[in-house]
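Below is one structure, written out as structure tokens; the observations come after it.
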Amino acid sequence: MNDALSTVLLAVFAGAIRVSTPFLFVSLGECLTEKSGRINLGLEGILVFGAMTGYAISYHSGSPWIGVLAAGVAGSLFGAFHGWVCKLPRVNDVAIGIAMMLFGTGLAFFFGKPYIQPTAPRLPALELGFWSDVPQVREALKINPLFFAGLAVAIVLWWAFRNTRWGLIVRMTGDSSATARAMGYSVDWVRFLATTVGGFLAGVGGAFLSLYYPGSWTEGLSSGQGLMAVALVIFARWNPLACFAAAVLFGGAGAIGPALQSVGISQGYHFFNAAPYILTLLIMILSISPKRSLRGAPAELSLMK
Amino acid sequence: MSDKDRPAVGVETVGMTKIFGSLTALEDASIKVRPGTLHALLGENGAGKSTLVKCMMGFYQPTRGKLLVDGQEVVVRNPRDAMAYKLGMVYQHFTLVPSLTAAENLIVSRPDCPSVIDWKSEIGALEAFLNRMPFKVPLRTPVSSLSAGEKQKLEILKQLYLDRRFLILDEPTSVLTPGEADEMLGLLRGMVEAGEITILMISHKFREVTAYADEVTVLRRGRQVGSGLVKDLTRDDMARMMIGDTKIRERAARTSVEKSATVLDLTALYASDDDGLPAIEAIDLKVKAGEIVGIAGVSGNGQSELVEVLSGQRDLDDGRILIHGHPFEPSRGAMAKLKVFSLQEEPLRNSAVPRMSVAENMALRSFDQPPISRSGWWLKPGPMKAIARELIARYRVKTPSPETPIENLSGGNVQRAVLARELSGDVDVLIVANPCFGLDFASVAEIRSQIMDQRNRGAAVLLVSEDLDEILELADRVAVMSEGRISYVAPIGETDRQTIGHAMAGHH
């Protein structure tokens, strides 16, 4: 029994890291975009397109890292397109985001058909469990390098929001575009760049899906991670470090089902698999009250108006 | 011209004219603000004050006219050019970023803001700067949790931090208590006298103009109608220049009301603001029939939350509202039954549907009752328009037709239209919030006498206002709100401006 418990805990730990990585990248991208005062719901589409691009380029080039880079570039092109369209007068960023989500997914399916069969080189894992003799521990400590990259991005974003000129400009644009304009900054340009960089991060998150876990390109690859990341950013109150914690929490919730199955508990498997969605719903209900506005929300966000 | 010890900058306009399409917003304004003086710019709303200063700051390009800085003719194409000539402006609405701290706001406003900020040395430099300044602001607090007075000070500090030497202040004391206003203007006056800065202050408070300004220029309908040294002019002179020969309705006289019963009875009201923090606490207040109770206070001390609670726009956390002894839940039915009406601040935002017509907006209280509606659901546009036409005539609302969307009307006329709707029936309780904010003299007189009429007719009136003069003119009793509580109540005859101002500042 004790054995089973430690197996489950190890599996949840490993799963949390594995499942959280795409959440982490998408939510950091969304966090940056929303801090600048714009919301990009198209990240789900970018995620799927990034997964397809990453897989295809890894297959053709033979290097998964070039695939990750290509996925990021593809994501930033989508982000830039969103940013550019939203610069036009009377354009609603939420509507454009939904259109981008459908467009990105559809385009990925269209170009991705030939890549469902072949096998592309996958990202290597870092063997951090070399010190242990227990195979379960060694297995659980096989950690993907993108997880650490995401953690680094979270820390850098958190630091940059308070300690760099760019960070202050992004926060200013998101909170009071009138002030930003009065200081002579172009609000559209700042948001364009933030959306582009946000798209890059979401694209990298997509590459993780196809190149590490689950590790192949299929059309059902993303199960709404891109959209759940939006909820996650609200839960994290637009703080990159909290985004990291929230992503790990969501990842852990997503890992419960498979972990229980690994010790033979398959009762309620589908229920446990739905844990992240239930968690999203609960978090949205608990953290939002009709009586008060969200603290920490960028005031320019169209969601908040 | 400016030497090192007296770096203040002087600005002069010659024949400044600005035409927007068919509207001449400013015509031939020549004002001379000497370096090291405090110059007041007086005028009603729409008199062209902001057009003039926006031409100076490069937001607008004047159609004609010249701008001289320290005697040299200059062309200011945009606010950045104005910055180069050390001109700066403090707006009436704050241009601070709420989520950033005071220090972050100052740093990011700098044109040479470093790409990576070394907070240790920057904070040191900011503290050294603040030590040279007459007023202090906490540096590490987010601006959203500063008081309105601190924000106003920070706005001015920002201009000084950016080394602006000619400051345009747009109604700088509108959010301050009388005490804070005197303190700030006194300190600024000191800097002006030391020759450090020049100030052009837009104001409509004669008291401040006579106490602190050296010279004054008055605008009316886009024209410069007078200027001179403040010491040569009386308040009446200035008021006459501002208003011109416009006919102003005689103020309704206060009739004496004999001892009457309590109508509106608030007991221990508690409510929270949008952040879930307590906004009003333990509000106890009684308003009798035929009485105006004025609630004074600096904005943001819970007054708007109190009005929202009474008009059903915010939930009550605890407490009881009684009207004529009946418990009152602010629902549509209860409001109609107990005859509770309200005139909200900024009615276009708070109690009118901007794109609906004047007639529809006027019918919002009565569209579900005959004669406008048949059996409660079938609307008849004929009677609706007829009633609107009658109200438009009776309340002198200037509108092209009853079908015009209400957002096309001027501020004063929106206020009159909403007032017409609220006062058209039989009124027992009237809740009024800042009814005259931003209106011209004629509308102000009209609306204040309508409120007084309701009082004389026996309505219980709760008047929330940030304008102390309005309260002193209208109220029978004054209550002061400070930090969500009622800190002071007194009959109008037994109190004065100083005492009320003291209570507004939280000393009691």
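Yeah, the Cβs are placed from backbone N, Cα and C, and that goes for glycine too.
Annotated features, as they stand in TrEMBL:
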TRANSMEM  A:6-29  transmembrane segment
TRANSMEM  A:41-59  transmembrane segment
TRANSMEM  A:65-85  transmembrane segment
TRANSMEM  A:94-112  transmembrane segment
TRANSMEM  A:143-161  transmembrane segment
TRANSMEM  A:189-214  transmembrane segment
TRANSMEM  A:243-263  transmembrane segment
TRANSMEM  A:269-288  transmembrane segment
So if I exclude everything within five residues of the ends of the transmembrane segment (A:65-85), which remaining residues of that chain have a CB under 8 angstroms from its CBs? That is, six or more out.
29, 33, 38, 40, 42, 45-46, 49-51, 53-59, 91, 93, 96-97, 100, 104, 120, 123, 146, 188, 191-204, 206-208, 211
Non-local residues, at least 6 beyond the ends, that sit with Cβ under 8 Å of the transmembrane segment (A:269-288):
224, 228, 231-232, 234-235, 249-250, 253-254, 256-258, 260-261, 294
Six or more residues out from either end of the transmembrane segment (A:243-263), which same-chain residues have a Cβ under 8 Å from its Cβ atoms?
4, 7-8, 11-21, 23-24, 27-28, 31, 150-151, 154, 228, 232-233, 235-236, 269-273, 275-276, 279-280
Criterion met for the transmembrane segment (A:6-29) and the transmembrane segment (A:94-112) (at least three Cβ pairs under 8 Å):
no
Which sequence-distant residues neighbour the transmembrane segment (A:94-112)? Criterion: at least 6 residues beyond either end, Cβ under 8 Å.
39-49, 51-53, 55-56, 78, 81-82, 85-86, 217, 219, 226-227, 302-303
